[in-house]
Amino acid sequence: MPHIYKQPLGIFQGFVPTLTDAEVSFIAQRQLLTLPENGELPDDIEYEVDLKVTFANHRLKRAYIALQAWKKAVYSDPFNTTGNWHGPHVCGYTGVFCAPALDDPDVAVVAGVDLNGADIAGHLPAELGLMTDVAMFHLNSNRFCGIIPKSFEKLSLMHEFDVSNNRFVGPFPSVVLSWPAVKFIDVRYNDFEGQVPPELFKKDLDAIFLNNNRFTSTIPDSLGESSASVVTFAHNKFSGCIPRSIGNMKNLNEIIFKDNSLGGCFPSEIGKLANVNVFDASMNSFTGVLPPSFVGLTSMEEFDISGNKLTGFIPENICKLPKLVNLTYAYNYFNGQGDSCVPGSQKQIALDDTRNCLPDRPKQRSAKECAVVISRPVDCSKDKCAGGSSQATPSKSPSPVPTRPVHKPQPPKESPQPNDPYNQSPVKFRRSPPPPQQPHHHVVHSPPPASSPPTSPPVHSTPSPVHKPQPPKESPQPNDPYDQSPVKFRRSPPPPPVHSPPPPSPIHSPPPPPVYSPPPPPPVYSPPPPPPVYSPPPPPPVHSPPPPVHSPPPPVHSPPPPVHSPPPPVHSPPPPVHSPPPPVYSPPPPPVHSPPPPVHSPPPPVHSPPPPVYSPPPPPPVHSPPPPVFSPPPPVHSPPPPVYSPPPPVYSPPPPPVKSPPPPPVYSPPLLPPKMSSPPTQTPVNSPPPRTPSQTVEAPPPSEEFIIPPFIGHQYASPPPPMFQGY
């Protein structure tokens, strides 16, 4: 880590211990106790403070009140940065900058605060809203906790706001939306959560840094209205598609989507981004082939799409983009590439094609692994993320409706295919995206963004159940998820505090392009305006290995860059995780319970005969399998069959199911299953099993399986909340 710091900050090297969760909670509570009603300050608050000192003007008095309140809110100041914060001469305080007021050149006011890298622990008092002349607020690489006070809305002259690499929590700080002149917003490396407001992208901003937080939901369609040159979404939990409006971002130079739960096909509109230098969509769940429009990315220098589920051919023209320096498409399922795309064919371009399905190339996936994905290509013309109707899936579900129930008992074998899951190596890659989402609905309805809506309804309806198997297969995909420790990622970056120089805000947009290729930029990266400010490279430390690949991001995205490229390779090991699914056969019984339901759902279908009984299994997931089994017995006949049902799929048990010829009746009794479903929370699961058993494993799953991976609908990341202890 020492190499991350510049001279002025060299003394920081691991010298001060980080805050414990208990301390963070304590500081947050201190802030809550001091916040006024609604977090707003009365206009006459300064008159409520009895001061025996005189000030050059009223504004400096207000600044004094604010800074003294802030000093009292400091919990730890290892370098005594605020040691001289006493007396009326606030312009002499360390980290405080004064300048002539914009509305009156004869009046000196506090125009900026720069405490970058001071390693101060504490919270932000509401009184800071008194410094209404502040245009620059830089706090990156400290240990501030709590929330951004609502009183910050009064800082209407704010131009640069950098609170990166701290421990702030709560929803996106909406106060930034009230600043008419703000150009630079950096909230990286914190614990902000929830949705990002669509209004953020409607502001006239130069740079937006959201990476390494806990944001969820989809990326707003308003993204295309942004005037920003740099936008980073990396290392969060965004799901869904890349908005097609992205093609309208005329000023965009760098955009990072790395390590989220995004999926579907790439929208062809990306090809309109003729000014983009860095595009990183690695470690997600994108599917389909690369749009031909990508040939329009004529300014592209760093292009990373590794760690996804992309298939097809890497076109020659993409590998010959005029300014291309680095193209990484490892950990996908490409089965062909142009001659210019072969690593080593172009000395001036770094190419990485490992862990694909390319013939005659080293370090590729096994034939079995590739077959699972390549045999089920995704039709992007029908994918909603690419602008298609995405109705193919629903149509399929109706067709299988009642006819296939009996025929598909054998399909259960397909479940192993999910085991192959195409995303094995990438899985380790990705860290958090998939896991959180899958738990909520193993049904996988949301995952199949394109077809999920249709598939889910069918599942519940009598015929649709057939598609349910697809969800099961999807489950393996989530398993692949590299979703292992995005959060851990976040904290390591702290080092890059060299931001004090940031004051020069004008440099915002320029930094990005220049810094791209050279990893060194990270130090310069901090506040966009001043390359130095961007040093917040806290991210670099975290993702130190990848820095080379994403060095471009450093320009404005220094921290993210490191986070971006190398990671994919690191996680190659995870693929094994999916191999287990094949064994699913033996564990079918457990599947019924809950974890495996997605993968094991196929087995239940096999037991179509005892579907009635099987419907109860849904309850088993809840851990009350017996009860459900008993209740259904009357309608279905013999509860025991259910127990046998798990095994039947593959072995002797099948006879029992056969004995329960009732299955045919089952179709008539479908009504009963519904009843069963009503008791259990998983009603959908119950009704489908009866009929779907046979249908479930159908070809539909295979075709859909691959599409579902996108996880487009998952927004239920429950994990994030737990992370906020004490709030």
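Cβ atoms here come from the backbone N, Cα and C positions, even for glycine.
In Swiss-Prot, the annotation N-linked glycosylation site falls on Asn326, out of Asn326, Asn423. Over the repeat 'LRR 10' (297-321) the predicted model carries a mean pLDDT of 97.
Taken residue by residue, the repeat 'LRR 9' (275-296) breaks down under DSSP into 5 helix, 7 strand, 10 coil.
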